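These notes are about the structure you will find just below.
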Amino acid sequence: MLAVVPPPVTVRVPSKINLHLSVGDLRSDGYHDLTTVFHALSLTDEVTVAAAEEPGVEVYGEGEDAVPTGANNLAWRAVQALAAHVGKDDPKVRVVLRKGIPVAGGMAGGSADAAATLVALTGLWKLDIGRDELAEIAAKIGSDVPFALYGGTALGTGRGEQLVPVLSRHTFHWVLAFDQRGLSTPRVFTELDRLREAGNPPRVGSHAPVVEALASGDPRQLALLLGNDLQAAAVSLRPGLRRTLRAGVNAGALAGTVSGSGPTCAFLCVDAESALEVAAELAGAGVCRTVRVAHGPVPGARFVGGEDLNRPTPPPQVHA
Ligand SMILES: C[C@](O)(CO)[C@H](O)COP(=O)(O)OP(=O)(O)OC[C@H]1O[C@@H](n2ccc(N)nc2=O)[C@H](O)[C@@H]1O
Ligand SMILES: Nc1ncnc2c1ncn2[C@@H]1O[C@H](COP(=O)(O)OP(=O)(O)OP(=O)(O)O)[C@@H](O)[C@H]1O
């Protein structure tokens with residue numbers, strides 16, 4: 001009898017920025033308590049999973065050479081975590097990543113791929129597992145993985161894995177400046193600890209005003225409130241980011257912030273038209289590798305129709 005091979009499954013997954021990121025002290029488990037407002041952006045990765053005799057990971061697109069394809073790829077860790085959860089040993093799966101999210105850019109690209117892989121495998125393996133059960137598996141893979149499952153705008157606490165949705169009435173328009181190289185997340189947290197031991201870098205206040213600004217939907221109000229405790233550490237490790245942040249505001253953005261652990265800078269613009277103008281001017285300013293426009297909030301990891309494993313990666317929008 002012929003075995004029936006299920007068709008490949010593709011999932012699109014958003015990147016994130018942190019509109020507000022307050023970092024507490026170092027915990028005994030090596031993590032820091034956080035309070036953060038996550039915001040999912042339309043800059044996405046696509047993940048296809050397919051049954052295959054030769055299991056493994058393939059990576060195409062943004063930063064493909066910097067992404068491991070072995071057991072430490074976060075997408076492969078998701079395959080193993082879900083397989084263990086449902087008692088499948090030796091999962092025969094091929095995972096194809098089409099990356100649009102910058103690698104080690106502070107936009108949770110690897111976490112996004114892990115979240116997308118979990119969702120895609122529920123389709124491939126026909127599993128009846130809801131988002132909340134997937135989120136528990138996701139949190140074991142990384143602090144940012146659960147948010148990529150839900151998307152939207154959410155308040156994150158704990159390591160960032162405990163989530164509550166936040167009402168956001170408006171589509172906000174962003175310009176993203178990718179840096180030449182990535183930054184290691186643990187290194188940026190360690191640099192913040194060092195800066196705090198040496199002095200008193202500024203700390204962001206409460207997240208409450210950011211939540212109010214999101215409910216009002218006014219980008220000008222939100223722009224005044226963007227804040228990230230990791231920004232001082234990212235700038236300390238990559239001083240050129242100061243120039244990038246200034247250049248975005250000089251180009252007409254309402255405000256700029258380092259995204260998460262950096263080095264990507266996110267600039268909030270008044271509307272879609274302004275974002276295109278800011279992107280064009282920033283691309284010409286010579287302060288970053290590549291510029292993209294994006295909007296948020298957008299939903300979390302979602303199935304995409306029309307499977308084709310050989311589909312090329314979409315071209316970038318604006319180049320520096
Ligand atoms: C900077 C953020 O992107 C903000 O959303 C996240 O906190 C980072 O999340 P992530 O990349 O999923 O991080 P994980 O893979 O969980 O952790 C990587 C490393 O970052 C540091 N880390 C991460 C999260 C956290 N709350 N405290 C930390 O100190 C730890 O050294 C940890 O070993
Ligand atoms: N699927 C993946 N995509 C990108 N990087 C991956 C992946 N799997 C493992 N990695 C490794 O993880 C490192 C961090 O990648 P990632 O792109 O998730 O960083 P990040 O966006 O700064 O993360 P975060 O914002 O969650 O801190 C990379 O340098 C790479 O070596």
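The count begins at 1 with the first shown residue.
Glycine too: its Cβ is placed from the backbone N, Cα and C atoms.
Per TrEMBL, the feature active site maps to K16, D144. Under the heading ATP binding site, TrEMBL lists P102, V103, A104, G105, G106, M107, A108, G109, G110, S111, A112. The domain 'GHMP kinase N-terminal' annotation in TrEMBL covers 73-152. TrEMBL lists 211-283 with the feature domain 'GHMP kinase C-terminal'.
All features noted in TrEMBL, drawn onto the structure.
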| residue | record | contacts (Cβ under 8 Å, 6+ apart) |
| --- | --- | --- |
| K16 | active site | F38, H39, A40, L41, M107, A108, A112, D144, F147, A148, S259, G260 |
| P102 | ATP binding site | E62, G63, G109, F178, D179, G182, T264 |
| A104 | ATP binding site | G63, A66, R181, G182, L183, S184, T185 |
| G106 | ATP binding site | L183, T185, A234, V258, S259, G260, S261, G262, P263, T264 |
| G110 | ATP binding site | V67, N73, L74, A75, V103, G142 |
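By the rule that a residue counts when its Cβ sits under 6 Å from some atom of ligand 1, the recorded positions G110, A112, D144 yield D144. Figure note: comparing Cβ neighbours within 10 Å for the binding-site residues A108, A112, the maximum is reached by A112.
The secondary structure of K16 (active site), as reduced to three states from DSSP, is extended strand. In this structure, A108, D144 are the recorded positions from K16, P102, A108, D144 whose C-beta falls under 6 Å of some atom of ligand 2. Using the Cβ center of P102, V103, A104, G105, G106, M107, A108, G109, G110, S111, A112 for ATP, the list of other same-chain residues with Cβ within 8 Å runs, in sequence order, S15, I101, G182.
Each residue of the domain 'GHMP kinase C-terminal' (211-283) gets a DSSP state, and the totals for helix, strand and coil are 40 helix, 11 strand, 22 coil. In the structure as shown, the Cβ atom of D144 (active site) sits within 10 Å of 29 other Cβ atoms. Helix, strand and coil counts from DSSP across the domain 'GHMP kinase N-terminal' (73-152) read 46 helix, 8 strand, 26 coil.
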